[in-house]
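To start, the structure itself, in structure tokens.
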Amino acid sequence: MVKNSIRVYARLKPEIDKISTMNYQVHRRRRKHFDEDFLVISAPQKSTEYIDNRPESWNFSFRQIFDVTVGQEDVFINVARPVIISLFDGYNGTVFAYGQTGSGKTYSTTGDLKKFDHCSGILPRTIRNIFEIIKNNSNISYTVELSYLEIYNENGYDLLDQKQRQVTSRLEDLPRVEIHEDELGTLHLKNLGIHRVKNEQEAMDLLFIGETNRITSETPMNPRSSRSHCIFTIILSSKKLNCNNSFNRAKMHLVDLAGSERVYKCAITGTILTEAKYINLSLHYLEQVIVCLGQENTSHIPYRNSLLTAILRDSLGGNCITNMLANLSISAFNLEETISTCRFAQRVALIRNDVKLILKKEMKTEMDLLKVENDELRKRIDELNGQLESQRSAERNVDYYKDLVLQRDKEISLLNSNKTKITEDKIIETDKLKLSEIIEKCIVDIFPDDQYEDGKNYSINNIIKNNYYPLRILYHDTNFDSISLTESHFDRIEVQKELLNNELSLDLQTNSCTTGMSEETFTNTVDTHMNKLISQNKFIKNNVSISPVDHQKSNSDSPKISFRTPRILRQLFGMEKKSLRPLSTPNTSTKIFKSFDDEKLISRDSESELMNLRKFTGDKKINFYKNLIDKKIRQSENKQKPMESHSDKNFIHQLLLTGDPEVDKEIIKLCKAKYLR
Ligand SMILES: Nc1ncnc2c1ncn2[C@@H]1O[C@H](COP(=O)(O)OP(=O)(O)OP(=O)(O)O)[C@@H](O)[C@H]1O
């Protein structure tokens, strides 16, 4: 237990009217453990007319005097902050403001909540500071509870009883706060709600509600005079986490007393007068208690005389660290009241409280703290569970993505192989196209338009159908014996040409099934027809009809060969007129088949050899072609010139015409590598 004197501070309220300000001075004296301030008030000039025994000056000592220029923050730090620190150490504390009406008690205690931050008083700053400290102490679990009591005309009311205040308009109808004392001497306040708050905002909200419910009136001394004593109590319970025996519970009272009034000075009447009487009476009882506490060997302290003293019993002479703020008016008009307040303060300063650490084990509060601790632990468990779950889901995701990656890898390799295939197919297509161009050029070599000399009737069905293979393919219709080349035929040739280009390998396959022939027959027939063509070359050159029948009929209904015939032919054969080469020698076809001469596999006499050739399949066929191609290379090398002639091309063509999709690819590859540059 420590003996602790009540510390008394003074705050001087600034006066607007400087002329009427009393004559005062503030002095500071250094002492061993702390500084001490002195307020020296000089008496106004004495009257010379009569004897005046009043002292010429008054000297009052305070722990600290806050002059008119000192702001709210400094007052809070010096008056309330030490009590807050003690509260967290487990000591009860009280800060109370005392002074005459209008001297600035409410301003210092609460301040103006609606105005700027610098106007807020000790109370809101205390709330803020308490929650700041709580925030910085994560290893201790705290509970904060609040109550706000108003003592009006000696009756206690709960300022935070929102429901009652809403439904009942008359103060008399509200439930009154009553004091009960148990056998241990502990005070219990009935009908005073204790509100647990979790954060600063909740506490501030309650403070605001209490301030709104407070009774104020306009008086001659103060336009918003508090007509009651108000006690805002903060109960702080603390428990160190993971430590069973450390449990503290302490409370801090912040008291804004109603101001004393000199009734005769203000000429007040009615309710205000009644209120003033109650205020003065309760302050009188308070003074009595203070006086008794200041006297040594006093056995009885009259706490029970008033509700205010009963409630402040602990704060005055009990187990509490108490600081008092004496609010002083420096107006000359209030000289007496200021001196009275200072005297009261001097007496209070004599009181020595017995301060001891409160290590109570109240089941209910401890349970509350354990609940708080449990809540925090539960929160932690939830957090950890959340982390665990997210970790698990991350693991699941890893598996899922692994599968996905494998699947994608498969798809990519599939796509790659498809891509390669497509590229190969494209190459094959391109090669086929090139080959088909070569074939067409060969055809043009045989049918150059400048070889046609007259416009006689002409039928090329034998060349087309039997002798000249590519054209025979163009005309799959093997049934017609005589082709009269009318415009529609040429159109058909054009269409067929498209077919040849697009589905060459298929068409070749299909049409290669027609009858084969011997080289001799083929050569003779082609030569014959080519000679015919030479004699008939006017047919195309002069753009006349090639069918006498049609031509004759053309006088009436049948269509004539148009001027575009040679062009169509050229288109058909894939060459423009200027690029046409001179007529090949009549034995062109013979040359073509000469290339097969040395090939043992082909018998010149056997008409069915070509057919036999087509019957080869797979490797046999490829080997066969390989041999042929190699042979061709040798021939070409012997000639010391690249393989350019149409007969060479026709040789390739012949290979192709044998048509076998499987073999086709291989052949094309070979051809491409060796002949197509
Ligand atoms: N230090 C100060 N600085 C500026 N204004 C002040 C100061 N002290 C008091 N006031 C102003 O003086 C007026 C009266 O102050 P306040 O209401 O706090 O007095 P009070 O002592 O609580 O009076 P009452 O006992 O009648 O309630 C208010 O308008 C308040 O803003």
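Please read every residue number as a count from 1 along the shown chain.
Heads up, the Cβ atoms here are built off N, Cα and C, so glycines get one too.
Residues or ranges marked as domain 'Kinesin motor' in TrEMBL: 5-351.
Spatially close to SER103 (ATP binding site) yet at least six residues away along the chain are LYS13, GLY259, ASN327, LEU328, SER329, ASN334, GLU337, THR341, judged by Cβ distances under 8 angstroms. Summarising the annotation, TrEMBL assigns ATP binding site to GLY99, GLN100, THR101, GLY102, SER103, GLY104, LYS105, THR106.
Annotated coiled coil per TrEMBL: 360-394, in sequence order. Predicted-model confidence for the coiled coil (360-394) is 74, expressed as mean pLDDT.
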Would you count the other CB atoms within 10 A of the CB of THR106 (ATP binding site), including those on all shown protein chains?
26
Return the residues near GLY99 (ATP binding site), defined as same-chain residues 6+ apart in sequence whose C-beta is under 8 angstroms from its C-beta, sorted by sequence, else 'none'.
LYS105, LEU257, GLY259, SER260, ALA326, ASN327, LEU328, SER329, THR341
So, in DSSP terms, is GLN100 (ATP binding site) helix, strand, or coil?
strand
For ATP, what surrounds GLY99, GLN100, THR101, GLY102, SER103, GLY104, LYS105, THR106 with a Cβ no more than 8 Å from their Cβ centroid?
LYS13, ALA97, TYR107, ASN222, GLY259, ASN327, SER329
